[in-house]
Amino acid sequence: MFGLKSHQKELIKLSRKCVPKLTPKLYKGQCGKICVVGGCEEYTGAPYFSAHAASIFGSDLVYLLCEKRAGLPIKGYSPNLMVHPYLGDSYSSTHGFQYDFERVTSLVQRCHVLVVGPGLGRDEQMLQQVLQLVEEAPTLGDDHDRCLILDADGLFLLSSESYTERMQKALKKYGDDRVVITPNCVELKRIMTTLEVDSVEKVSEKLGCITVAKGQIDVIVNSLGERWENDYEGSMKRCGGQGDTLTGIIATMLGFSRAVGDFKLASLEGDDAKPLSWAKMAMLSCFIGSTATKLASKAAYEKVGRQLQTTDMNNMVGEVFEKLYPSQPN
Ligand SMILES: NC(=O)C1=CN([C@@H]2O[C@H](COP(=O)(O)OP(=O)(O)OC[C@H]3O[C@@H](n4cnc5c(N)ncnc54)[C@H](OP(=O)(O)O)[C@@H]3O)[C@@H](O)[C@H]2O)[C@@H](O)CC1
Ligand SMILES: Nc1ncnc2c1ncn2[C@@H]1O[C@H](COP(=O)(O)OP(=O)(O)OP(=O)(O)O)[C@@H](O)[C@H]1O
């Protein structure tokens, strides 16, 4: 399949234990409720790419929590997403916008997985609101195993001297390997400098998280130092937004893993399959996110060549899912 190596095929096979089986008994939301937190006046594409990829990789419900002025453009991209423009920046708050944290928390407490950062921007007020959300999310409602993915400006909160102490403390409130960070090579360097560590392993250990260090080879390391490398080739076109596709797919896979591991739905392997530990499911979720993103990039490049944009890649994400996990007959 797609020129994948045998160890990659083995991991894909194992990851079937993370994917819930579709049955007539399921109701909406059981196969993943995701909330993407990001989007400001300048960047509306990034959160859309993440939320859209999460949707078409198979999550049931995908919410998008963004700055007020980003709401309308993003709603215009897709009627499938539920766009909540409840965040405010310094511009909107001086132009009549009233920030209401309760509206934000009532949305977030319904969600199994959060993606924080794509297109958030660096406005001080937006960052403060999101930092408070990251701090409170693990204790909202009855769900104390909520997962968090940090990318882009969410990682800036981690590497910036002004916010890092509060962020590091906040991440400790999440369960082991319930937090995933997805830095590109520049973001990784900034994080290592701030944390005063010299390896991906030490970043993951210090934060109790999984780090997906992106590049030609994606390096995936969990809090115990287990390290997987994904050298599947993907495509060579480096348009902006591919990292957003990645966070969307990882979010769906973590949501699926929670459906099977935390909420005990049957997986594609059936009811009697021996369950996997959360640590293994979380690593597999990241590996599948990395593989599916690279596969979508490769498939889109083969179709459209150098004009490839993230929209082309996202258009392949549903097809990639079907190739990885062929559908049961209906
Ligand atoms: N369509 C949209 O709405 C999109 C919106 N997006 C959103 O934009 C926001 C800012 O994100 P960001 O990544 O541009 O910011 P930041 O981390 O400051 O990097 C800036 C500089 O770092 C460098 N650099 C980066 N990667 C590198 C690498 N691999 N290897 C080497 N160097 C590398 C490079 O520096 P240069 O080469 O230009 O000197 C680059 O210019 C954020 O909210 C994000 O979500 C994106 O998701 C795209 C799609
Ligand atoms: N040199 C490369 N060759 C092949 N794939 C790559 C290469 N660099 C990055 N990728 C892939 O592209 C995806 C996004 O990584 P990238 O480093 O572009 O993130 P990013 O800069 O955060 O993206 P974004 O533009 O969304 O902010 C990852 O899945 C990664 O595997």
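We count from 1, first residue shown onward.
Quick reminder: no glycine exception, Cβ is built from N, Cα and C everywhere.
Curation does not apply to TrEMBL; its annotations are automatic.
If you look up TrEMBL, you'll see 11-324 marked as domain 'YjeF C-terminal'.
The (6S)-NADPHX binding site feature in TrEMBL is assigned to Gly119, Asn184, Cys185, Val186, Glu187, Leu188, Lys189, Arg190, Asp244. Around Asp244 ((6S)-NADPHX binding site), the same-chain residues at least 6 positions away in sequence with a Cβ under 8 Å from its Cβ are Gly45, Ala46, Pro47, Phe49, Ser50, Ala53, Pro118, Gly119, Asp151, Ala152, Thr310.
The feature ATP binding site is assigned by TrEMBL to 214-218, 234-243. The Cβ of Lys237 (ATP binding site) lies under 8 Å from the Cβ of Ser297, Tyr301, Arg306, Leu308, each of which sits 6+ residues away along the same chain.
Rounded to a whole number, the distance between the Cα atoms of Lys214 (ATP binding site) and Cys185 ((6S)-NADPHX binding site) is 7 Å. Comparing Lys189 ((6S)-NADPHX binding site) with Gln216 (ATP binding site), their Cα atoms are 16 Å apart once rounded. The Cβ of Gln216 (ATP binding site) lies under 8 Å from the Cβ of Asp231, each on the same chain and at least six residues away in sequence.
Lys214 (ATP binding site) is surrounded by 22 other CB atoms, counting those within 10 A of its CB over all protein chains shown. Mapped onto three states, the DSSP output places Asp218 (ATP binding site) in strand. Spacing of Cys239 (ATP binding site) relative to Glu187 ((6S)-NADPHX binding site) is 17 Å (Cα to Cα, whole number). Among the binding-site residues Gly119, Lys214, Ser235, Gly241, Asp244, the ones whose Cβ sits under 6 Å from an atom of ligand 1 are, in sequence order, Gly119, Gly241, Asp244.
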